[in-house]
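Some notes on the structure that comes next.
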Ligand SMILES: Cc1cc2nc3c(=O)[nH]c(=O)nc-3n(C[C@H](O)[C@H](O)[C@H](O)COP(=O)(O)OP(=O)(O)OC[C@H]3O[C@@H](n4cnc5c(N)ncnc54)[C@H](O)[C@@H]3O)c2cc1C
Ligand SMILES: O=C(O)C(=O)CO
């Protein structure tokens, strides 16, 4: 049984069509070494990824040092490959995180992000005394960006099938190597009870804003401008599976946002949409190899990105490629191939 190879490229299956699965698929296809197919229960716009705000900013995601590294790699990847493309739905936008109390410590990801600085006094709304700033942060108009990822993946030769995987062995019938990008789905598919939902509600409004501003100190409040609208948030209700928006959360978000951006207190807010997504939260991102079927099958796990899937997506995709290529030579088939051929007796 040879490793699945067609046209001398190795066949790889990715399960999941969120920002993580699509970014990982694009990185694999760009090497020119793999045929990549995605199987996914839900397709954009019906994924958690589509419910995100989204901006580049490490948030509700661990481990801190790797999140810092992957966030910085993602920022670089955006600058090199994405920001210049108007179809990507992305914009460079300064981001300020603000605090009501002095915040002596820089964020743990600071060593990886050269453009980090402390906020200036004029960037702090009334009642706030400290803050961070990243002038070359960026935002994504999430639906536009997800469509852009799908188009990029397909244009590189990737194929997508809407298909739920109930048992990983279904995938092993056709593939030796599978990349698991199922987010919260890993709770069932791989029985990982460490991953759980953190419910986030956002409001999409017509008004615009010149910067992203967020307060995560005692509760969550943020304003994230995008190309065609602005997102106000948010909530973080752990282990809450309710995907329906609530009036109470909408009112609470509007109240908090008025504190960080007084202009939204004065001007009439024109609500376009209210969305809810379940962040795939975990004590840390799981990005590692797991061998099945006596070493003849390989699963590369890439899930558990919490509130930072977009922020770390390209760094994690590049890491998943590295991890996968370190794992494949240990597949039983490869090992057998490396064994010296028995010398003929003649
Ligand atoms: C309100 C809100 C705001 C956010 N804002 C930001 C932000 O500003 N910046 C940021 O970086 N992040 C943000 N996030 C976090 C970000 O949305 C997530 O980290 C990210 O979407 C996770 O991507 P994913 O591809 O792992 O998951 P998903 O988008 O959930 O994709 C998982 C995919 O796997 C599929 N799947 C699952 N199980 C199976 C199965 N058994 N068989 C087949 N397919 C399966 C699903 O159908 C889906 O296609 C926000 C999240 C929320 C909720
Ligand atoms: O709500 C979230 O998860 C965010 O990342 C917003 O910044």
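Glycine too: its Cβ is placed from the backbone N, Cα and C atoms.
Annotations in TrEMBL come from automatic prediction, not curation.
Quick caveat, the model's predicted, so the values are computed rather than measured.
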TrEMBL FAD site partner of 48, 49, 53, 54, 55, 165, 306, 307, 308, 309, 310, 311, selected from 10, 24, 182, 250: 182
Listed co-binder of D-dopa (same site as 222, 307, source TrEMBL) among 256, 279, 282: 279
Residue numbers, six or more beyond the limits of the transmembrane segment (12-29), whose CB comes under 8 Å of its CB atoms: 35-40, 42-44, 47-49, 52, 145-146, 149-150, 152-153, 156-158, 160, 165, 171, 174-175, 177-183, 185, 189, 302-303, 305, 309-310, 313-314, 316-318, 320-321, 324
Greatest C-beta neighbour count within 10 angstroms, which of the binding-site residues 53, 55: 53
Span of 222, 279, 307 around D-dopa - largest C-alpha separation, Å: 16
Sparsest-packed of the listed binding-site residues (48, 182, 311) - C-beta count within 10 angstroms: 48
Residues among the binding-site residues 48, 182, 309, 311 that border ligand 2 - Cβ under 6 angstroms, in sequence order: none
Maximal Cα-Cα distance (Å) across residues annotated as binding FAD, namely 48, 49, 53, 54, 55, 165, 182, 306, 307, 308, 309, 310, 311: 30
Cα proximity to residue 222 (D-dopa binding site), best match among binding-site residues 48, 53, 182, 311: 53
